[in-house]
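Copied over from Swiss-Prot, here are the features:
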BINDING   C55, C60, C66, S292  [4Fe-4S] cluster 1 binding site
BINDING   C81, C85, C88  [4Fe-4S] cluster 2 binding site
DOMAIN    67-281  domain 'Radical SAM core'
Amino acid sequence: MTIAPEGRKLLRVEARNAEVPIEKKPSWLKNTAKMGPQFTELKSMARGRGLHTVCEEAGCPNIYECWEDREATFLIGGDTCTRRCDFCDIATGKPGMVDVAEPRKVAESVRDLGLRYATVTSVARDDLADGGAWLNAETIRAIHAMNPSTGVEILIPDFKGQPDAVQQVIDAQPEVFAHNLETVPRIFKQIRPAFAYERSLDVLTQGKEHGMIVKSNLILGMGETDDEVYEALCDLHDAGCDIITLTQYLRPGPTFHPIDRWVKPETFVELSKAAEEIGFLGVMAGPMVRSSYRAGKLWARAMKKMGREIPEHLSHIDDSGSATQEASSLLARLG
C-alpha cells in the first residue's frame, strides 16, 4: 500500500503501519445496541433538522447509552486538523476558514436536541494565532447562554502551550476543562509528534490553578506497559487532573498505529482501582469507554467528592448507577 484512500502518497509512518494487518478484535469488544425512547427521539430530531454530532459521524458504539441520557459530543473548528496523531482518523491538512457562526450553530443544536450535558472538542488549529481558543471559548458561552440547564465539557488541544489562549477557555467557565494526554512518555513523540508530554500536563495544571474541574484520557494498547500507565496516572494527578478515562485503542485503518495489545477487562478494573487510590475523583475505565463517555455522570461524581454543591440548574445531571461500558459492568455481563 503506497497511496492513501484520498489519493495522496502515504507518509513513511503510514506505509510502515500498513505493513501490519488489521488485528482481530477479542470477544469482549462486541457491543450490543439497546435503543430506548430517548435515543429514538434524539435520532429522529438530528436527522430531521440536519444536526451533526461526533457521536453519529464517528460511529461511536456508545451512542445509544449516551443519547438515552441526553448527552452528545460536537466537533468544532472544521473537519481537518493541522496535526497528525498516529491513532486518530481525523484528516490532517490545511483547514478552511473558521466559521464564526459555529458557536451559535452548536448552541442551537444543543437546544434542539434537548441535551442535559454537551461535550465540545476541537481539531488543532495551528494556522490561527490563538490556536482556536476564541472559537472554543465562544462555543462554551453560546451554549450556556442559550441552554442554561446544560452542562458543558470542553476538550481542547494544547494551543502550543500559550497561557493566554488556554486562559480564554478557562474564563468561559465550562463545567469541565479537559485536555487528553493519551499516552505515556516513552512513546509519546512517536504517537503524538506535534504535542509534548510536559506541555500537556502544564495545560491541565493551568486549568486546575484557576479552579476548573480538570479531566484527561489515556489510550491503552499502543505500546505502553501497565507500570507506565500507573506512572502517567501519577503525573496527571500531580498536574491537577480530577477525572480520568482509560480506553482501549481501536485502529481506525491500516495506515494507523498497529495495536500492541488487547487490554483485558480485568486489567481495566485493576487500573481503575489504582487511579482511585492515587486520588482521582472520577474514573471511567473499560475497553469501549471513550473520553466523553458518560461525561455528565463523571462531572457530578467529581463535584460531590470535592464537596461542591451541584447548582440547581444542573441538578438533573446524576452520578448514580453503573455505566454499561465500565470494565466492572462488562465483566458482570460476561459472567
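Using the three backbone atoms N, Cα and C, a Cβ is placed for every residue, glycine included.
Features per Swiss-Prot, on structure.
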{"residue": "C55", "record": "[4Fe-4S] cluster 1 binding site", "contacts (Cβ under 8 Å, 6+ apart)": "N62, I63, C66, W67, A72, T73"}
{"residue": "C60", "record": "[4Fe-4S] cluster 1 binding site", "contacts (Cβ under 8 Å, 6+ apart)": "V54, C66, T73, R290"}
{"residue": "C81", "record": "[4Fe-4S] cluster 2 binding site", "contacts (Cβ under 8 Å, 6+ apart)": "C88, I90, A91, T92, G93, P95, V123, A124"}
{"residue": "C85", "record": "[4Fe-4S] cluster 2 binding site", "contacts (Cβ under 8 Å, 6+ apart)": "E182, I191, R192, P193, A194, F195"}
{"residue": "S292", "record": "[4Fe-4S] cluster 1 binding site", "contacts (Cβ under 8 Å, 6+ apart)": "V54, C66, E71, T73, T119, T121, E153, L155"}
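The binding-site residues examined here are C66, C88; by Cβ neighbour count within 10 Å, the least packed of them is C88. Summary of the [4Fe-4S] cluster 2 site environment: with the site residues C81, C85, C88 set aside, the chain residues having Cβ atoms within 8 Å of the Cβ mean position are R83, R84, F87, D89, I90, T92, V123, A124.
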